[in-house]
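Visitor: Reproduced below are the annotations present in TrEMBL:
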TRANSMEM  21-41  transmembrane segment
TRANSMEM  61-82  transmembrane segment
TRANSMEM  89-112  transmembrane segment
TRANSMEM  118-136  transmembrane segment
TRANSMEM  143-164  transmembrane segment
TRANSMEM  184-206  transmembrane segment
TRANSMEM  218-236  transmembrane segment
TRANSMEM  248-268  transmembrane segment
TRANSMEM  277-295  transmembrane segment
TRANSMEM  301-318  transmembrane segment
Amino acid sequence: MIVIQNERARYGRQWLPRLRWGALLCAMVLIYGSHAPLISLSKVEGRVPFDPSSCVVMIELAKLLVSFAVLVTTGGISALLAPTSLFLVAPYAVPAVLYALNNNLVILMQAYMDPSSFQVLSNLKIAATALLYSLCLGKRLRWGQWVSLGLLMAAGVCHSYSSLDSADVGTAQRGAKLHITGHGLFLMLVYCCASGLAAVYTERVLKSQKLPLSLQNLYLYVFGMLINGLSSLSALASDKSFLEGYSWTVWAIVAGQAANGLLMSVVLKHGSGITRLFVISCSMLVNAVMSWAVLGLQLTFFFLIPLAMVALAAFLYYT
């Protein structure tokens, strides 16, 4: 009887972390997937009523405040007050710079390619992240895992093509065809590499320093606040107020993206950047389903192809 009870206790201890990890990943997928539908719901007369740069600052501020609250409640305030060096803190500025670069590249690339080409080609960041993960972190992937990541990228391309609506086709037929210039292709490669490097570098920093995660998040989001705050100075100088156009959907976006950023730091600290790729790929399918349920968008049979690809990719990678 004692042996049976010990086996049950050990079995329960093994499955509890897996259940928690699964719940965390499911929450991230739902938050990621709800981002685009929430933005659509926040539009007024077809336009976003708030300043995107102010929204980014509010997200960084929310993550900063939550990280500080967690640090205080877990008794880690002594680690914050302890003497530290610039050498220890400076690496946390790099991800903030890379993410700020990507945010500006997204806007800049629109002048060199159409939005549909951007949507399709941005899936190259899956390959960039996988290559940088293997090269920079010294992680050797099995051939089956490389195949699974290729399937993820193909699933993203298929989903992007399946989401091109009739308006895009009609525009193309009138002369504004799909296009991309040499400058656009170069900027896309920089965008994908910067996205992958930001994820890989953040994972390396979080795992290499034996500091409380809440303190590491605090360092990350202080730099995030500073850099994104500087980029939003133009919004402060305009006639609009900083929070003009904010509704319950905008605050839901802020809360969701802040929670997702905090959860992503847990994944990078205790998991890997590859797990992040699977979360993003699964979220695009959730996004399609939520857009169908909330916004009334139609799903076609073609939607089942990326769905099957993502499922097969997860099976190949984790088995």
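Positions of Cβ are set from backbone N, Cα and C atoms, glycine also.
Just so you know, TrEMBL annotations never went through curation; they're auto-generated.
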Visitor: So which of 89-112, 248-268, 277-295, 301-318 has the most C-beta pairs under 8 Å when paired with the transmembrane segment (21-41)?
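Guide: Answer is 277-295, with the largest number of Cβ pairs below 8 Å.
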Visitor: At a Cβ cut-off of 8 Å, and with pairs 6 or more apart in sequence only, do we get at least 3 pairs between the transmembrane segment (143-164) and the transmembrane segment (301-318), yes or no?
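Guide: In this chain the transmembrane segment (143-164) contacts the transmembrane segment (301-318) - 3 or more Cβ pairs sit under 8 Å.
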Visitor: Do any residues, 6 or more residues outside the transmembrane segment (301-318), come within under 8 Å Cβ-to-Cβ of it, and if so which ones?
Guide: 144-145, 147-149, 151-152, 154-156, 158-159, 161-162, 274, 278, 281-282, 284-285, 288
